[in-house]
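Straight from Swiss-Prot, the features:
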BINDING   G81, 84-85, T89, 91-94, 109-117, A121  5-phospho-alpha-D-ribose 1-diphosphate binding site
BINDING   G81, N112  anthranilate 1 binding site
BINDING   S93, E227  Mg(2+) 1 binding site
BINDING   R167  anthranilate 2 binding site
BINDING   D226, E227  Mg(2+) 2 binding site
Amino acid sequence: MDAMKPLLGKLATGASLTQAEATRAFDLIFEGAATPAQLGAFLMALRVRGETIDEIVGAVAAMRARMLRVDAPADAMDIVGTGGDGHSTYNVSTLAALIVSACGVPVAKHGNRAASSQSGASDVLSALGVKIGLDSREVEACLEAAGVAFMSAQAHHAAMRHVAAARAELGTRTIFNILGPLANPAGVKFQLLGVYAKSWLEPLAQALRALGSTRVWLVHGADGLDEATTTGPTHVVALENGAIRAFDITPEDAGLQRAALADLKGGSPAFNAAALKAVLEGRKSPYRDIAILNAAAALIVAGRAADLREGARLAAAAIDDGRAASTLSKLVEASNRASLPAVAAGSCP
């Protein structure tokens with residue numbers, strides 16, 4: 001408990017922690033060596049002053065050191081959002097992940113249950129019949145079988161149990177809202193990352209560069225969504241081979257129509273699962289368009305599309321010819337088969 005005091009004392013002066021100090025602080029937190037009072041004070045000191053890149057990188061290093069790792073193809077990617085945008089849209093990144101996988105890109109999706117919305121990635125996938133909470137071997141088997149796999153934060157970041165109560169009691173965003181997407185258990189180097197605030201796009205790009213990412217698009221809708229949005233412009237900060245650049249995209253760039261924000265609202269896991277399945281069954285809707293836009297952006301990140309219009313064409317084709325629906329079916333089957341105790345390691349067909 002005493003080891004946290006010097007670090008808290010430094011934060012109390014308004015000073016920032018070095019990367020090494022941040023790693024030390026989060027090591028203590030993840031070991032359960034911080035009292036509830038110390039943890040709450042630490043998180044709010046960072047929040048009020050504003051987390052630095054060194055503090056984020058140091059925190060991620062501590063998370064990555066403890067996570068249950070997953071072996072994935074070198075070209076695997078993640079499509080994920082920070083959450084916390086307050087709009088409770090349906091599960092755009094989850095559907096985009098299925099579409100992108102259907103286009104031949106391995107997707108190792110990392111996610112959680114809902115925090116600020118009614119339905120997080122774990123919630124909607126469970127409603128669709130996907131087995132959640134698989135261990136590393138089971139995830140690897142499903143990734144090989146279906147081309148997509150889901151890694152739950154609870155299963156792969158057990159150390160987070162030490163902060164769950166404090167986060168719930170604080171009831172506000174903390175550094176943990178942005179750490180999860182930076183600590184993918186499969187160590188992916190390619191990401192489409194939705195961010196809840198425009199001000200975080202550049203800092204997170206710099207953090208991901210320091211953490212070794214190859215190509216990432218960080219996106220924030222001008223309407224506030226932590227997705228590429230179809231209601232208007234989306235702000236993008238792209239990291240590619242160490243270079244960072246900022247630009248905007250619009251739905252028209254992908255040949256898509258604009259939508260009203262109300263048309264993108266989600267609901268319960270059952271509601272969102274039904275909406276997702278309707279898109280996979282070919283129903284034209286604003287839900288389909290925003291999923292296509294995000295899939296198109298992800299396909300650019302994956303090196304499979306030269307621009308949004310080509311990416312949108314590939315994504316739409318994967319829906320219309322049934323490949324995306326087939327990908328979901330394969331994931332449901334593979335995840336349930338992989339979790340059977342009698343199945344030998346690596347035998348998920």
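All positions are counted from 1 along the displayed chain.
Positions of Cβ are set from backbone N, Cα and C atoms, glycine also.
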**Request:** Across all the protein chains here, work out how many other Cβ atoms are within 10 Å of the Cβ of S93 (5-phospho-alpha-D-ribose 1-diphosphate binding site).
**Result:** 26
**Fill in**
Minimal Cβ count within 10 Å, across the binding-site residues H110, R167, points to R167
**Asked** How many neighbouring Cβ atoms, not counting its own, are there within 10 Å of the Cβ of G81 (5-phospho-alpha-D-ribose 1-diphosphate binding site)?
**Response** 27
**Prompt:** Any idea what DSSP makes of T89 (5-phospho-alpha-D-ribose 1-diphosphate binding site), helix, strand or coil?
**Reply:** strand
**Request:** Out of G81, S93, H110, R167, give those binding-site residues positioned within 10 angstroms of E227 (Mg(2+) 1 binding site), comparing C-alpha atoms, in sequence order.
**Result:** G81, S93
**Asked** To the nearest whole angstrom, what is the C-alpha distance linking H110 (5-phospho-alpha-D-ribose 1-diphosphate binding site) and R167 (anthranilate 2 binding site)?
**Response** 19
**Request:** Check the residue listed as 'anthranilate 2 binding site' against DSSP and tell me helix, strand or coil, would you?
**Result:** helix
**Request:** Round to a whole number and give the Cα-to-Cα distance in Å for the pair R167 (anthranilate 2 binding site) and S93 (5-phospho-alpha-D-ribose 1-diphosphate binding site).
**Result:** 24
**Request:** May I ask which of the binding-site residues G81, T89, S93 is closest to D226 (Mg(2+) 2 binding site) if we compare their C-alpha atoms?
**Result:** G81
**Prompt:** Looking only at T89, D226, E227, the binding-site residues on record, which one has the least crowded Cβ, with the fewest other Cβ atoms within 10 Å?
**Reply:** T89
